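As written in Swiss-Prot, here are the features:
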type    : residues               : note
BINDING : Asp231, Asn261, Gln263 : Mg(2+) binding site
MOD_RES : Lys716                 : N6-acetyllysine
Amino acid sequence: MSERFPNDVDPIETRDWLQAIESVIREEGVERAQYLIDQLLAEARKGGVNVAAGTGISNYINTIPVEEQPEYPGNLELERRIRSAIRWNAIMTVLRASKKDLELGGHMASFQSSATIYDVCFNHFFRARNEQDGGDLVYFQGHISPGVYARAFLEGRLTQEQLDNFRQEVHGNGLSSYPHPKLMPEFWQFPTVSMGLGPIGAIYQAKFLKYLEHRGLKDTSKQTVYAFLGDGEMDEPESKGAITIATREKLDNLVFVINCNLQRLDGPVTGNGKIINELEGIFEGAGWNVIKVMWGSRWDELLRKDTSGKLIQLMNETVDGDYQTFKSKDGAYVREHFFGKYPETAALVADWTDEQIWALNRGGHDPKKIYAAFKKAQETKGKATVILAHTIKGYGMGDAAEGKNIAHQVKKMNMDGVRHIRDRFNVPVSDADIEKLPYITFPEGSEEHTYLHAQRQKLHGYLPSRQPNFTEKLELPSLQDFGALLEEQSKEISTTIAFVRALNVMLKNKSIKDRLVPIIADEARTFGMEGLFRQIGIYSPNGQQYTPQDREQVAYYKEDEKGQILQEGINELGAGCSWLAAATSYSTNNLPMIPFYIYYSMFGFQRIGDLCWAAGDQQARGFLIGGTSGRTTLNGEGLQHEDGHSHIQSLTIPNCISYDPAYAYEVAVIMHDGLERMYGEKQENVYYYITTLNENYHMPAMPEGAEEGIRKGIYKLETIEGSKGKVQLLGSGSILRHVREAAEILAKDYGVGSDVYSVTSFTELARDGQDCERWNMLHPLETPRVPYIAQVMNDAPAVASTDYMKLFAEQVRTYVPADDYRVLGTDGFGRSDSRENLRHHFEVDASYVVVAALGELAKRGEIDKKVVADAIAKFNIDADKVNPRLA
């Protein structure tokens, strides 16, 4: 039942009203009915009735009336002085960096508009990590980082040297431009740029906390996830796209705080409209608790005196472009162009000075109004809350930026502007010192210093603060625990099924089974994982309140409050966010979880690449499984599904470790290696990307001594003898079998011998080669290091064929010890057909490997060129067909 609409206490009266309007419509027409309704609404507005209730848009006033405001628990004057120092230090941080003329950039206006909001939260709401839980998880708006640094400096957590090194990180002891855990691993928890990542990440972080609690893994009941956002940022699809998830999951541990300063980078967010109304309607419709913080305490008297309802009407009518302009002018302008619109509103301020009018504050700059909103959010149960805080961009910055379209880009300021800020916020800096752009500090024992630290101690300590590693020791499975996968498989299976079997091995391991988090974007049946539904259950905070259609089946669709699988529906970005929350739980919760997100490989890095990059920044640890991979392997799905480049995208992320295994035993070794590296003693900040296939074929036993090569990226699979020269053949994934077939043809039909290599990771081999070359360049007097691939291979001509773009295997060209290295790949758009036809079309099958190998030998003069031409004819290769890259 909605709080706004209690049960009808007088149905007879209600019926009378409804019948009356029906009669008017019937007898006098729609226009007359509309007129009467308008008059009723106007009269209701005078009486303070929320005339838009039920439409999702209420009057343009505070949600919490004055009489319901709680008493403010802090010392307002002390907090003002502390806040003024933080404001000042934030601006000094940017100005002092800008003086170095290094073109560093920086943003001042965003924090100035939200400083009071953050200050109230730091003093009264943000709980730090403690012995019971990980504290509140705060997604700070990216552009306000100078303000957070300024507070940490006052707290003694950052030094003046660090502030002076804002955006200067190369030589150490600097501060990152925005929240970046990679760059400040003990400070920032969550990267929130690019914009849009914060809100959707916060939703799934809140969901994951509920998941941990419902599964009995950790008590997260006192934790709140706060996401601080900009109204301009809300245009990002990621910002609003998942808000209904918060309602579905009953995320009352989630609070969005949208700083509605009405401006984005270039100008107004909605100059001709009202962004707060727009957001209110969206969130109200999505089932959130909406709290508007529109006007500060100085408006309370005027609203009490507004017996005509004209002031509220005026507030409702005024568009954002005007509200922005008002705060870039002065009190006289506001008197004329706002209050002067109606005689009733002009009369309200007739005896006010222009200065009094100018001092009318917006809600986002009033600690009392802000505190009331956050306390109400804290008390709300069963639904997420959004706080819409009306603010001014560049608040207090005067002519330099306040309410101006240029505010976001302001990073320099003349001394008149600096003096204005000093005077505006009563900052204790003398005229003699102001040219030095000094920072403000509070001596130990001062009122401000004592209060600042006392408030944080009440809330368990300081934040942001990040825990780089988890403290417990996990008992991980040994490679022998995956023994069944290391042996020859009795039936043909795919590497995807090999992954599922490896997952089942871990689910039987008492030490880590509860830490596994299988994540699916509505494709479990595609990947053969439906057997897990009944085995470990699908997480649902509501349990299962219905009888599933397939209840009589062994693998029925079982939802459970304690379910282990996160089934995110057709929502790759949401599934990715759940994976990221689980993959960073080792830090946020000191509770290492082991997530496996399996998906169509085409819809991974290509679809959610920005999130994958952020995962690297956030130091995620977990497994991404790119199922149905390979341009020609997912054969029937066509152009948009067939992945031939996810490994190109994954290699752009420095701490993403990528593999393209061909055999079940390779999958087992790689997964075991990932467990050891991420969750073993080293606790490496990497995550694994493993592509798996939907093609069934024979899986041999692991050759003796192959383990090291599987981990490092290459090992020799077999040698086939020949009498007329020798080549080296490299393959990965599904195409490795075609490479092996080519080796047989070369030996049988042409007498050419081959060394055949399984390349599990061209990317890791390339990185190893680059590392060796760098070391050798910088250590000219030392014995040169040799790339691993050069240690394994020899100088015979080499041919590589994969189900990915040529660039994938081209990565290692420099490090291959052979002078002749030919790469085959699947450049071009995919299409639907049989695997056989597709592999021939993309020129990666056995016939093309044979022709390429013969061609390399012919270049060396070891065989006649006619042999190559005859092979082309033998395999029915159309030498003049369109290049598949262009086809």
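Glycine residues also receive a Cβ, built from the backbone N, Cα and C atoms like all the rest.
For the binding-site residues given as Asn261, Gln263, the lowest number of other CB atoms within 10 Å of the residue's CB is seen at Gln263. Annotation note: Gln263 (Mg(2+) binding site) sits in a strand segment as assigned by DSSP. Cβ atoms within 8 Å of the centroid of the Cβ atoms of Asp231, Asn261, Gln263 (the Mg(2+) site) belong to the same-chain residues Ser113, Gly230, Gly232, Asn259, Cys260, Leu262, Arg264, Pro268, Val269, Ile275, Thr391, Lys393, site residues excluded.
DSSP assigns the residue listed as 'N6-acetyllysine' to a strand segment in the three-state reduction.
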